[in-house]
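Heads up: the structure comes next, in structure tokens.
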Amino acid sequence: MSAGLNSERDVNPSQPTTEKTLADFDPVKKPKGNKFAIACATLASMASILLGYDIGVMSGAKDYIQIDLKLSDTQVGLLVGTLNWYSLVGSAAAGVTSDWIGRRYTIVVAGALFFAGALLMGFSTNYAFLMVARFVAGIGVGFALMIAPVYTTEVSPASTRGFLASFPEVFINAGILIGYVSNYAFSKLPPNLGWRIMLGVGAIPSVFLALVVIGMPESPRWLVMQGRLGDARKVLDKTSDTKEESQQRLSGIKEAAGIPQDCNDDVVRVQKKSHGEGVWKELFIHPTRPVRHILLCGIGIHFFQQASGIDAVVLYSTNIFEKAGITSSNDKLLATVAVGFTKTVFILVATFLLDRIGRRPLLLSSVGGMVLSLATLGFGLTIIDHSREKLPWAIALSIAMVLAFVAFFSIGMGPIAGVYCTEIFPLRLRAQGTGMGVAVNRVTSGVISTTFIMLYKAISIGGAFFLFAGIATVAWVFFFACFPETRGRTLEDMEVLFGNFIKRRSALKDEQKEEEVHGGNDGQIQMGTKA
């Protein structure tokens with residue numbers, strides 16, 4: 001950036017230095033949030049509420065299902081955890097479907113599948129029927145998990161991409177809270193009726209989701225890939241902060257799609273590749289160094305997000321609170337509502353920090369807090385487990401650490417996984433790369449949620465959280481070593497950050513120092529926002 005500025009000065013020595021500096025850099029005053037882009041991101045992110053509701057409602061419903069259907073702990077673990085495995089089918093299919101019929105209609109498919117699954121779960125008569133219903137709902141969840149962050153990221157301007165791309169995680173947390181409230185609201189009904197209503201009402205948000213898609217435009221990047229430049233230009237004009245940014249975004253997408261820059265017709269012919277053909281080869285068989293680094297980061301953040309135990313805490317919060325000394329069913333459900341409320345509040349805080357603080361410092365701070373809270377929770381639960389009398393301080397400590405853990409998770413690790421993964425993959429690889437990240441996320445979540453009961457019975461409840469604390473520690477080291485900052489970069493400008501990260505970090509620091517020297521007198525230069 002600085003080199004480009006110096007060369008301009010050499011060519012035009014008579015031009016005032018101050019005016020040239022301001023022309024080359026972003027203005028101090030940030031543009032106001034684009035209302036149309038915010039509306040699109042909000043509507044698309046509502047798809048994520050499907051997963052959140054299922055996680056939250058199953059946390060309480062599983063206890064009533066176990067009583068009504070007389071299930072073993074292993075059957076309960078399979079019932080809770082296998083939805084994550086089923087969602088793999090959906091996330092894999094969504095990568096192909098989103099390139100085939102578009103991002104928008106893929107959201108409709110997600111809503112329709114979850115609607116069918118929720119109704120089937122509500123009318124289930126036995127365990128086998130319920131597992132089939134979970135399979136259908138799981139496919140819908142997989143579709144929603146993959147497509148919501150992809151669409152939101154592609155429609156967002158660079159200035160607020162972190163804010164808007166965190167919306168899917170916001171709605172997951174909102175869904176969890178609604179699920180917890182549903183548990184509490186229907187807990188007074190007979191066990192054979194209460195859990196069916198808890199699960200069945202999940203069909204309501206999926207109907208609303210399918211309806212709101214009518215008001216959403218298609219992703220501009222998908223439109224360009226179809227050769228519909230005129231339609232893409234209209235969407236970009238509405239979702240960009242300025243006309244110049246709209247033109248810059250369109251130019252970058254055209255370059256990534258292999259369309260000549262001088263081609264400005266409303267409809268152009270593009271080279272028809274099979275939807276997704278060659279992508280897997282480029283991702284896994286012959287990846288370039290930047291793509292290999294991107295893939296490592298995309299898969300790694302999704303793995304560690306779930307391996308650090310968030311779904312164990314959310315899905316089995318009633319079991320954890322019972323182990324901590326809360327025996328009343330009503331009190332346990334109220335405590336889970338507190339968990340859902342805490343997650344929702346802190347994810348809202350995170351949305352306003354992503355574009356101010358940046359991804360990297362927020363992620364490292366979040367994971368550091370998770371390590372501390374998990375280790376302290378393990379300590380508190382171990383003390384309770386080995387004590388013959390009730391210890392109020394240990395109970396209070398354990399409850400506080402559960403809330404602290406979900407707070408630290410929600411302020412960084414939770415939203416950044418979706419934001420980071422969708423923005424770092426190049427356009428040609430984004431749908432499949434994001435789908436792969438979601439697949440790893442769901443596999444890891446499935447292993448944790450399916451085996452958590454067996455795990456804490458084998459190594460104690462405190463030991464399980466010491467294990468999660470150790471995994472989170474490894475995650476912090478991995479993020480520190482491998483993750484560059486992406487705040488302010490355009491989506492088409494991401495690959496330059498990857499491939500040789502150690503040298504790149506040094507280059508960015510040198511670039512930043514040079515900018516401080518040239519712009520230090522007026523203090524009006526924003527650094528690191530352009531390639």
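Each Cβ is built from the backbone N, Cα and C atoms, and glycine gets one as well.
These come from TrEMBL:
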- 1-26: region 'Disordered' (REGION)
- 36-56: transmembrane segment (TRANSMEM)
- 40-487: domain 'Major facilitator superfamily (MFS) profile' (DOMAIN)
- 105-123: transmembrane segment (TRANSMEM)
- 129-151: transmembrane segment (TRANSMEM)
- 163-181: transmembrane segment (TRANSMEM)
- 193-216: transmembrane segment (TRANSMEM)
- 333-354: transmembrane segment (TRANSMEM)
- 361-381: transmembrane segment (TRANSMEM)
- 393-421: transmembrane segment (TRANSMEM)
- 433-455: transmembrane segment (TRANSMEM)
- 461-483: transmembrane segment (TRANSMEM)
- 512-531: region 'Disordered' (REGION)
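Within its own chain, the transmembrane segment (393-421) has Cβ neighbours under 8 Å at 149, 153, 161-162, 165-166, 168-170, 172-173, 297-298, 301-302, 304-305, 308, 310, 313-314, 317, 320-321, 324-326, 335, 338-339, 342-347, 349-351, 353-354, 359, 362-367, 369-370, 373-374, 376-377, 379-381, 383-384, 387, 433-434, 437, 441, 483, 486, counting only residues six or more beyond its boundaries. Relative to the transmembrane segment (193-216), the listed stretch 105-123 leads the set 105-123, 129-151, 361-381, 433-455, 461-483 in CB pairs under 8 A. Sequence-distant contacts of the transmembrane segment (105-123) (same chain, six or more residues past either end, CB-CB distance under 8 Å): 44, 47, 50, 90, 94, 97-98, 129-130, 132-141, 143-144, 147-148, 151, 196-197, 199-203, 206-207, 209-210, 213, 216. Summarising model confidence by region, the domain 'Major facilitator superfamily (MFS) profile' (40-487) averages a pLDDT of 85. Sequence-distant neighbours of the transmembrane segment (36-56) (same chain, 6+ residues past either end, Cβ-Cβ under 8 Å): 83, 87, 103, 107, 110-111, 114, 137, 140-141, 143-145, 147-148, 151-152, 155-157, 160, 164-165, 167-180, 182-183, 202, 205-206, 208-209, 212-213, 215-217, 238-240, 311, 314-315, 336, 340.
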